[in-house]
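Copied over from TrEMBL:
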| type | residues | note |
| --- | --- | --- |
| COMPBIAS | 45-56 | compositional bias 'Low complexity' |
| REGION | 45-73 | region 'Disordered' |
| COMPBIAS | 60-73 | compositional bias 'Basic and acidic residues' |
| DOMAIN | 181-365 | domain 'Laminin G' |
| DOMAIN | 374-538 | domain 'Laminin G' |
| DOMAIN | 540-577 | domain 'EGF-like' |
| DOMAIN | 576-635 | domain 'Fibrinogen C-terminal' |
| DOMAIN | 784-1077 | domain 'Laminin G' |
Amino acid sequence: MSSRSASWFYIVSYFVLSIFGSIHAANNCNGPLLSVLPESSFESSSTSSSSQLPHSAKLNRREGEGGWAPERSDRQPWLQLDLRQKMEVTAIATQGRSGSSDWVTSFMLLFGDSGLAWKQYGQSEDTGTYTGNTNSEGVVQHKLVHSIAARFLRFVPLDWSTTGWIGLRVEVYGCVYKSDVADFNGRSALLYRFNQKSQRTVKDVISLRFKSYGADGVLVHGEGHRGDYLTLELHHGTLALHLNLGKHNDAKLYPSSANVSVFLGCLLDDQLWHYVLVKRSNKQVNLTVDGHTRHLSTTGVEDSLEVDYELSFGGIPIPGKPGSFLRKNFHGCIENLYYNGVNIINLAKRRKLQIHSVGNVTFSCSEPQPQMVSTTFLSSSSSYLSLPLEPLGVWGLDVHFHFRTWNQEGLLFSTGLAQGSQHLVLQISRGQLHLMVHGAADVTDGLWHSVSLSYRDLMVSLVLDNEPTSTMDVQSHADSGNSVFFGGCPQYSGGCKNPTVAFQGCMRQILLNNQLMDLPRVQQGLLGNYSKLQFDICGIRNRCLPNFCEHDGRCTQSWDTFYCDCSGTGYTGETCHNSIYEASCEAHRQMGSTSGYFYIDPDGSGPLKATLVYCNMTEDKVWTVVDHNNSGFVNVTGATTKKPYVMRFNYTASLEQLRTLIGRSEHCQQEVSLHDGNKCALVVDGRPLSWWLDRSGEKQTYWGGSVPGVQQCSCSLEENCIDMNYFCNCDADTHLWVNDTGLLSYKDHLPLTEIVIGDTNRTGSAAVYRVGSLHCNGDRFLWNSASFYPGSSSLHFPKFQAELSADISLYFKTTASSGVLLENLGTADFITLKLTTPSAITFIFDVGNGPVDLTVTSPVPLNDKQWHYVRAERNLKEASLQVDQLPLHTLEAPSEGHYRLQLKSLLFIGSRQPIHSHFLTTRTPAMLLCVSTYHQQYLAIILANNGSLQIWFHLNREERAEIFTPKASSLADGQLHRVQVHREGKDLYVQVNIDQKYNLSSDLKMNTLRSLTLGKVTATSAGHAGLAEEVLRAGSKGFIGCLSSVLFNHLTPLKTAILNHGSSLVHVLGNLVESNCGALADSTTSQSTSGEFNSIDVNHVWLHNMDFIYVILLAYISPILLCRSSQALLGRMISFTAQLFSGLSRDV
């Protein structure tokens, strides 16, 4: 119904997060809220008739015509509820209009405190739409992931019945919201005074919710005499935390300061509530804003924060100067303000002595006057707002409005002049404001900017924010009585033309000649005209929070998307995902390099950055050498067991980088040399006097050349110690200089991080040691291989960690015409890389917006038994596919919708048996699917007489079939359901709403498949002899209803039936109708898990002779080899002869 949908109306807002929900949820905060509301609490954009009024929209009510319906001419319909006080809403429910063909199939939910400023509620970060109804009487309930605290709710229909119109009945569930709130007017503050002169803390917790009417203002501040301070403030709409743990008393010895600042959030001046949490433990600090957290560590020597006298909230008063403040005060409301467990506002309300008020602080949240109602300009090509310009009494014009945007280009205002085609145009160009030839500062920072334009006596004056006035002369008066345009120009508007593109952003407070424009009248069609606007809400988003630019890439944004600046990061790509460095010294040698210093990135596109190492390529083996801070010989004297000598080794790479390098290498070693003169023992009576720490900080007492777990040196294992009564030369009772030198090579312990020597305090005794650099060789992830043979052999690994970005690279060679290289499935999401034809590679994935496929076709066959390179990448900006040296194919990702790839199953390499289907029916018994083999094996999925889902497996014809019932309740309820079945040997995984696992008695494979049937099955049907009586009974009834997205082992029988109707491969009996009945699957489960795009209404469908299809598939599958490239994290070469094959992921 996209042609009738208001889908353009959809603006994804920030993910709503609140902590108060968990408190009330435990207290059964789920009561219905609408039954006690008066008729006046219900409002709407319009009504279709006097019997379809908004107060008729209560759930299950049949008064009037059984619900609310808007006028058919209503361009932006909505139903609004006034809950009469601030409530906590935990769930909502919708229903169609009783006894009609009117219902809403999808909608969005807005909430607010005033009924004028709105915010969209999103169930998750990437979607803000809700699935509605499929008929007029069914009730669809949504439990909110995070509860809403609001007085007003607005339901906005986005899509509706294809056979009728919008019809809506609703219910809201929750309870009264209770909080302690304080209102700050920009000249007030609360002071929390301590019981003593100063207070020193090593841990602090500050939590609050705020709603701001300005972009700047102090929320919390405290400071001490030694220089300590803590300030939490809004700065240009972003929350800033400034922290200084003070200077040490000895400033000469400790000259460094411990001040740090961290910024988080954006657009926080939107007059909506935001949650803040500050947690400090010593030097470790977490700042959380609306669920996003940033961590920082302070520098310097102090762990404590010392604050003198008081903490201030809302501003920083100047001592001795009442009403004066050091910084701009906060203007807005704060609620549930806690400092280290103390409820500050509650103390203030009760007038406790610890709290002192400065200025006028009230304890209810007032709305600013006049209230600023925003309008969103959605389209860069067709948005505009046209307002009539009243005849001018004098030759003058005054225009004033606020705007905010990210876009560098856009028309803000245009009006005609009296002389012909001349126009006065105010626009944004290259991020600056321009009036004809006038330029101004950057205005595309997402903040609100005010513009005042005055036209008097052939002179135009422009004021931006509080900047000085700019003027320019014009040659004509304003065209009295004409229209003025904001944001853009209509397609046919005379002389008004968009100089570049239309404005995308928000406007508010539009005044013409000092008269505030009534935008609700514009929306109702009573004033002016408009296109592609969204009223009563500012839909601007901060697309840089969280920052999806990886590896410290710098994020910038426009209205529709974000951009990553990867300069100086060592990474490239749309999201700075791909390392520009090779993964190992071995890879550098394969690129033709010789010995020298190189950057390597052992984890590839992983989170660790590249590190500089020396690559020694003079030998047959390539050695990677990592130095540390003390690689020379060191003399040690005067050490005791109580005060031992300790040396910490700092490497040129971090321990995390070294751990990855060592894990990737085939062999690593580190030489340790100990020289002893005049009895300096390592071990006495079994007690170690010297030892070293491994990379995990664990104490180790074996030495070079020995093995873990024994307190020995290499001479003991080689049986050549100078005194065989001791395990180390250094332990021998001799006055000669001796040494124990050897290699540490147990990879899990490398590198050595600290050495401790404790027996050099006796007269004349001394020790000399040397710890060499870390040396590693080999690359375990280059040019390895594994083979798979015919049948259903496979490898499986933990799920692919690919939620936001992923890259896959491999080499393969084969003679097969097709095959799956890699596959990982989720509940609805999936990712697949496969050879689709002898000359084409296809990369397919679904993150919830429907399957996306990217195909590269080679001019030469890819099944020529030669090595071919494939690299696929998917991130939030684009998907890309590279095959050999062919041009890179890319596909831009949508700016809205789902973006997280949520996988659940194992990552599969080799063949497997996935089964997937959506179905909708009210008839029982029913046959969904039946698969049979030439050996009288079968698999059947049926609905029993009571509507329960049953899965029948008959693998051994000598035994009875096994029956599994994952869902005992009836699924023949007219609702769309999804079933997914996956088998691994004896393990059977079934998903019907929830995941379940069963055990089969046999791991026999279903070989030589004969037929796959959807719908009616009889005992005389080809290949179906031996079916159990209950299966035959369901099969004889067939299936009446909707089947959608049917998948069996990568076969799509519905698509085959529709696209190959009349083919000898497919036999269809009965009434087969292609339909969009499976469209609900897209809204409830975010599309299918394979490339199945069609759905059908079915009386019964019979697809048989599938053996011919399988014969074709099997006949062309022969050995297929696959490996990872040298640039991949895990480059492995795998050989396949299975029907389906797949490659290793970067996390295998």
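Glycine too: its Cβ is placed from the backbone N, Cα and C atoms.
A Cβ distance under 8 Å defines the sequence-distant neighbours of the compositional bias 'Low complexity' (45-56), meaning residues of its chain 6+ beyond its ends; these are 39, 63-74, 76-80, 97, 165, 169, 523-524. Between the domain 'Fibrinogen C-terminal' (576-635) and the stretches 181-365, 374-538, 784-1077, it is 784-1077 that has the most C-beta pairs under 8 angstroms. Counted with DSSP, the domain 'Fibrinogen C-terminal' (576-635) comes out as 6 helix, 20 strand, 34 coil. In terms of DSSP helix, strand and coil, the region 'Disordered' (45-73) has 3 helix, 2 strand, 24 coil.
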